[in-house]
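Here the structure comes first, spelled out in structure tokens, and everything after it is commentary.
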Ligand SMILES: Nc1ncnc2c1ncn2[C@@H]1O[C@H](COP(=O)(O)OP(=O)(O)OP(=O)(O)O)[C@@H](O)[C@H]1O
Ligand SMILES: [Mg+2]
């Protein structure tokens with residue numbers, strides 16, 4: 001896959017009967033869920049990025065036919081399908097949204113494949129239906145990065161560049177991310193059918209989702225309640241993972257909330273560099289509604305909006321009880337993650353003070369969140385003068401924290417594989433904004449090698465190979481204050 005972006009590598013051009021292994025998917029089962037749409041082909045498409053392990057899962061080869069399919073130049077025996085949904089955007093309800101710049105192509109096994117950036121649809125609301133290269137590359141990289149960190153996310157099979165001009169602040173080129181998930185249903189789908197008073201469709205959508213995505217719940221005495229509880233728990237766990245890994249989503253509207261609890265729709269996302277609990281990664285988020293420390297509350301706010309759509313089927317008490325599962329599930333998951341990062345056995349809520357104190361200390365010292373935790377895991381916890389002490393030099397608070405930490409660990413020596421265990425919980429490589437920017441700059445100049453090198457490194461965040469070590473670095477000062485807008 002390495003190589004200049006000169007088109008398709010001829011040895012990769014294996015031609016398969018295109019429709020083999022594909023099924024039409026949810027649009028064929030529930031045609032009222034959206035509209036059939038023909039993609040608008042990209043000009044001179046070429047592969048920029050490709051995920052080998054996902055391709056293997058999907059039994060797909062990087063063929064010319066597949067490139068033509070993803071770029072809208074060929075189609076399967078059925079048309080593309082754009083779904084309708086609505087959603088609460090920055091707190092206000094938008095009654096009609098939908099796939100305005102992407103199409104569902106079909107399913108392979110349990111996975112849906114979606115081409116994001118494939119041209120206008122009935123839901124484009126005046127937009128051009130396109131995605132530009134920089135945003136498509138960022139979505140490709142972060143999807144795969146989060147997956148390999150162990151965070152629930154939609155995935156990305158490929159990113160495709162083209163010569164199609166696309167206007168944003170200046171002329172850029174169009175690109176497509178091929179997104180993969182078992183379901184692209186968002187909270188906003190249920191809101192759409194609820195607020196348009198299409199109760200039969202709403203119920204059919206819930207039933208279809210239970211049958212296809214949560215079949216184990218079909219035999220429950222109250223399948224819809226069990227389904228909501230499951231969605232609440234998945235959402236709580238994913239949000240907890242974001243908080244533990246310092247991931248800031250940026251646009252947590254209900255139309256970007258996955259029914260599977262997957263991280264969904266990547267716009268101005270960022271990982272924290274220094275620990276700044278109020279960090280706002282979205283340049284357009286003037287009030288900080290989606291700031292890093294607001295994400296847990298917003299997750300619950302969004303679940304409330306989903307729960308409202310179930311009022312025709314569930315009592316108020318049932319809805320409240322289901323939503324009450326959110327906080328304990330979130331805290332349990334956060335404790336499990338942070339406990340593993342710090343080596344705390346059987347962490348409980350009492351450990352939250354110890355964890356928070358460390359985060360505050362990190363914030364005050366301006367040290368790198370990820371590298372500091374990685375380094376902490378490599379210190380001898382019975383020691384008094386560790387490399388970490390030198391990082392926090394001059395901070396007597398750190399000495400006090402260290403003492404409490406030692407007491408919590410119980411003193412004495414730790415297991416011989418302590419450092420290895422900590423490394424398995426503390427990633428060394430993250431998709432920092434500047435790393436993505438460097439890969440994008442090269443891809444824009446026609447060279448996708450840096451992109452593929454970075455992608456490969458992101459598949460081993462806990463266990464980097466020697467050639468991946470250049471990616472283990474703090475963000476340079478020029479990139480620390482970068483915020484991104486939704487213009488993608
Ligand atoms: N360039 C565009 N052309 C047409 N519609 C667009 C465009 N950009 C965004 N939209 C639509 O605006 C709404 C909000 O956009 P948002 O950025 O949340 O989603 P997205 O990134 O386009 O797609 P997804 O949520 O599927 O990842 C969606 O309905 C989306 O389809
Ligand atoms: Mg979206």
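Counting begins at 1 with the first residue displayed.
Each Cβ is built from the backbone N, Cα and C atoms, and glycine gets one as well.
TrEMBL lists 98, 100, 101, 116, 128, 129, 179, 186, 265 with the feature ATP binding site. TrEMBL lists 255 with the feature active site, proton acceptor. The Mg(2+) binding site annotation in TrEMBL covers 256, 265.
Here the features listed in TrEMBL are placed on the structure.
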residue : record                       : DSSP class
98      : ATP binding site             : coil
128     : ATP binding site             : coil
179     : ATP binding site             : strand
255     : active site, proton acceptor : helix
265     : ATP binding site             : coil
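Note: the Cα of residue 128 (ATP binding site) and the Cα of residue 256 (Mg(2+) binding site) are spaced 20 Å from each other. Proximity of the binding-site residues 98, 101, 128, 256, 265 to ligand 2, judged by a Cβ distance under 6 angstroms to any of its atoms, singles out 256, 265 in sequence order. On the backbone, the CA of residue 256 (Mg(2+) binding site) and the CA of residue 179 (ATP binding site) stand 14 Å apart. In sequence order, 34, 82, 83, 84, 85, 121, 122, 123 are the residues near residue 98 (ATP binding site), counting only same-chain partners six or more apart with C-beta under 8 A. In this entry, ATP is bound by 98, 100, 101, 116, 128, 129, 179, 186, 265, whose most widely separated C-alpha atoms sit 22 angstrom apart. All protein chains considered, the CB of residue 179 (ATP binding site) has 24 other CB atoms within 10 Å. Within 10 Å of the C-beta of residue 265 (ATP binding site) there are 19 other C-beta atoms, taking all protein chains into account.
Long-range neighbours of residue 101 (ATP binding site) (same chain, six or more residues apart, CB within less than 8 Å of its CB): 116, 117, 118, 119, 120, 121, 124, 127, 128, 129, 130, 131. Cα to Cα, the residue listed as 'active site, proton acceptor' and residue 265 (ATP binding site) are separated by 9 Å. With a 10 A radius on its CB, residue 256 (Mg(2+) binding site) counts 20 other CB atoms from all the protein chains.
Among the recorded positions 128, 255, the residue whose Cβ has the fewest other Cβ atoms within 10 Å is 128.
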